[in-house]
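Down below is the structure, laid out as structure tokens.
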Amino acid sequence: MKAKVEEMMASVIIRNPGEPEFHQAVREVVESLTPFLEKNPKYKEAKIIERMVEPERVIMFRVPWVDDKGEIQINRGYRIQMNSAIGPYKGGIRLHPSVNLSILKFLAFEQVLKNSLTTLPMGGAKGGSDFDPKGKSDNEVMRFCQTFMSELFRHIGPDLDVPAGDIGTGGREIGFMFGQYKKLKNEFTGVLTGKGLSWGGSLIRPEATGYGCVYFVQEMLKTRGESLKGKVCAVSGSGNVAQYTVEKLIQLGAKVVTLSDSDGFIYDEGGIDQKELKCVLDLKNVRRGRIKECAKEFKCKYFEKQRPWQVKCDIAFPSATQNEISGDDAKALVKNGCIAVGEGANMPTTPEGIGVFQKAKILYAPGKASNAGGVATSGLEMSQNSMRLSWTREEVDKRLHDIMIAIHDNCVKYGKEGSYIDYVKGANIAGFVKVADAMLAHGVV
Ligand SMILES: NC(=O)C1=CN([C@@H]2O[C@H](COP(=O)(O)OP(=O)(O)OC[C@H]3O[C@@H](n4cnc5c(N)ncnc54)[C@H](OP(=O)(O)O)[C@@H]3O)[C@@H](O)[C@H]2O)C=CC1
Ligand SMILES: N=C(CCC(=O)O)C(=O)O
């Protein structure tokens, strides 16, 4: 089996040189699928996985804009339209200086299997730019978003490709992009998700990724007769995913002790409460400040330039960025008694870290399964837009919860090995099957 994996990876590496994050995402799936493909030759003979790792389309474009000082700035924009076998392309837009082809191809590839797991008709895509919204004025962000959309609008649409948020792309950026799209196309459609409630957005979409991750971890704990009540939780990040992961954890009686950003993390041993969370939401979403400022207000410790994984906790929720949990971080978590990991971020654990978690047989949920609540609720936003109606908060939350339970149960179906559940294998196979069957039916396209 190992030889077959290396043979496949050799061709992926040759065809996609210098793209380590993409190789990492593909290798994890190829390792899960190779034994399955041996038992299911119809997929192997049709070269489904070989076709799946090749994007259907990659769009790259220049994004020039003028800053507040009147100086011309130049960024690069991308849209990776990975796979449309089961529905229109669907995936976020990441605005971060680290954005490049490798990062967006890994995200787009993960999105294909993630969207399949949601049971909703959505293909996989991802886009973005190396533009950094941090420290920019609202007017500069608006001018960038308008120029970015002035190119992207040719390649997207409600039945073609529906972008949404990701790192650096929140409600503000979606609003500016939507306004420009509407002006250029002279039509009002559900072409983006994460929209504002007064112009086609869905209730629960801001909360969805965080809520969904907690719902998934709840299902994992149930397989061992455990619950979230009283569990000490370490959360990384302090953006959209982290904020609502914390909110749902507090609601379910867990104790959240950390939050972070790219400068460091706060450690609140007594647990972050609703009032303190409200302060984080205001700090990050309104004042666009740094998590360090909370340390003073919460009278808790702050650790400069460190990640929160040396902190003693029962459950870890990595909700910042890729490869933020190394092998050593994973060893520290297991040594300190961590029993479960729920990935809110995309690919936040390195392959070494995953190996440590699986060797220790802890409950480990890969992001493509546990963070699928965000895109699932984007799918629910698309459904509401198509019907030109809005569901209540309770209706959307119930659908989200049911989808996360279904994803968990599908992972168990394909991942159970004796008393242990390999959620990586389960998610990769469960996500693959629906896409592969559609690709078989569509012929060699
Ligand atoms: N938004 C969504 O719907 C979904 C997002 N995700 C994933 O969740 C993760 C977080 O996204 P989201 O909350 O939307 O993004 P936000 O931009 O709202 O927040 C990102 C958070 O992560 C931190 N961060 C970003 N890059 C780094 C880095 N290189 N090192 C350390 N910290 C970093 C940011 O800190 P700072 O402010 O200092 O940059 C910030 O606290 C990403 O992996 C994203 O792909 C997954 C599913 C859905
Ligand atoms: N950034 C997202 C959300 C994508 C979406 O809602 O279309 C992800 O699933 O990684």
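The backbone N, Cα and C atoms fix where each Cβ goes, glycine too.
Feature annotations, courtesy of TrEMBL:
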- LYS126: active site, proton donor (ACT_SITE)
- LYS90, GLN111, LYS114, GLY165, SER378: substrate binding site (BINDING)
- THR209, ASN240: NAD(+) binding site (BINDING)
- ASP166: site 'Important for catalysis' (SITE)
CB contacts for THR209 (NAD(+) binding site) [other CB atoms within 10 A, all chains]:
31
Return the count of C-beta atoms lying within 10 angstroms of the C-beta of LYS90 (substrate binding site), excluding that atom itself.
28
Check the binding-site residues GLN111, ASN240, SER378 for other C-beta atoms within 10 angstroms of each C-beta and report the one with the most.
SER378
Please give me the CB contact count at 10 A for GLY165 (substrate binding site), counting all chains in the structure.
26
Measure the Cβ-based neighbour count of ASP166 (site 'Important for catalysis'), defined as the other Cβ atoms within 10 Å of its Cβ.
28
For the residue listed as 'active site, proton donor', nearby residues of its own chain (Cβ under 8 Å, 6 or more apart in sequence):
ARG79, ILE80, MET82, GLY91, GLY92, ILE93, ARG94, LEU104, LYS105, LEU107, ALA108, GLN111, ASP166
How many neighbouring Cβ atoms, not counting its own, are there within 10 Å of the Cβ of LYS114 (substrate binding site)?
28
When you put THR209 (NAD(+) binding site) at the centre and draw a 10 Å sphere around its Cα, which of the binding-site residues LYS90, LYS114, GLY165 have their Cα inside it?
none
ASN240 (NAD(+) binding site) and GLY165 (substrate binding site), Cα-Cα, nearest whole angstrom:
9
Any idea what the Cα distance is from LYS90 (substrate binding site) over to ASN240 (NAD(+) binding site), rounded to a whole Å?
19
